[in-house]
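Here's the structure we're looking at; comments come further down.
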Amino acid sequence: MEPILALLLALGPFQLSRGQSFQVNPPEPEVAVAMGTSLQINCSMSCDKDIARVHWHGLDTNLGNVQTLPGSRVLSVRGMLSDTGTRVCVGSCGSRSFQHSVKILVYAFPDQLEVTPEFLVPGRDQVVSCTAHNIWPAGPDSLSFALLRGEQSLEGAQALETEQEEEMQETEGTPLFQVTQRWLLPSLGTPALPALYCQVTMQLPKLVLTHRRKIPVLQSQTSPEPPSTTSAKPYILTSSHTTKAVSTGLSSVALPSTPLSSEGPCYPEIHQNPEADWELLCEASCGSGVTVHWTLAPGDLAAYHKREAGAQAWLSVLPLGPIPEGWFQCRMDPGGQVTSLYVTGQVIPNPSSMVALWIGSLVLGLLALAFLAYCLWKRYRPGPLPDSSSCTLL
């Protein structure tokens, strides 16, 4: 009987007697408020004959946040973490008093998810991390992580220990946290899924909030043949904002020259110039009036040699030397579509050093041949037997 009575008191006005009522709006016993937002809780009391008196009590109740109206008091919650706690409204008619408590929970759950790595590569074991920033509350009772394959949890993923760290805040007294969940992934098969998703859920009284972040998976564009030392397997990485390509060895294979997508906006394409030792060509076959230019390269674009001519732009390493590992990006205007290429670090042979090495080897060979001829001449020339101790090394 007591639980039913408590539920009735929480859900509606309290019918005390003829001409009397005690009401709290919103009537829920627990209220969740987003940090930085405001909420007003109205507590009212009506009496038939006596004067109605209403008061708010609770943890650090600031009278400046209570607005007094005839027969009611309005409590304003400012959405600060200090507002978290229980507030009690007390109403009285003459000698009779009644009360209703409200538990206020201020939460912070911005859409600030960070996932690493930026993309997944099929065929290898990997660790995926998902970090939610500026979170409160951060306990496991209210915050949970999931690694999804579509709408289902990814089978075989091993969840590692969750890490929690306090965020640096400009305003003191605001203990927000960053929470990181890591998973050890099994080797993704081929063909792989287009993407995995990190999903973070905050569950509060009568409120469930969810944020999700996409982790693209590199898709092989070549036929499933065994890899060799003379060919590399290019990958295409697609996302909702940009189209990116990645290759594990540009020195032995040209990038695919077919359009990355046959639908939607036209994107520029990146190729390796086979006529140069190492040169990238970005071009756009998107009609007249378009231009392309390089916008990103490992290190600094100033360290590369650039040539741009309308819908074509070339980029090469100058001077010859090791190629930094990282992303190369080309942009097309108008439209702003970009294409990115990931290149692993490699060393380009220097022609001058190759010539010097060849000449040095030739000179050493000639010296060795001359030494051998000298020793044979001393051993087999007519006359007394010579001392051949100097040629024993042969």
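Just so you know, the numbers here start at 1 and follow the chain as drawn.
Heads up, the Cβ atoms here are built off N, Cα and C, so glycines get one too.
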Check Swiss-Prot and name the cysteine among CYS89, CYS93 that pairs with CYS43 in a disulfide.
CYS89
Of the candidates CYS198, CYS266, CYS330, the one sharing a disulfide with CYS282 in Swiss-Prot:
CYS330
Disulfide-linked residue for CYS198, taking Swiss-Prot as the record, within CYS130, CYS266:
CYS130
Inter-residue Cα distance where the pair is CYS198 (disulfide bond) and ASN42 (N-linked glycosylation site), in Å:
40
Could you find out if DSSP has CYS43 (disulfide bond) as helix, strand or coil?
strand
Lowest local Cβ density (other Cβ within 10 Å) among disulfide-bonded residues: CYS47, CYS330:
CYS47
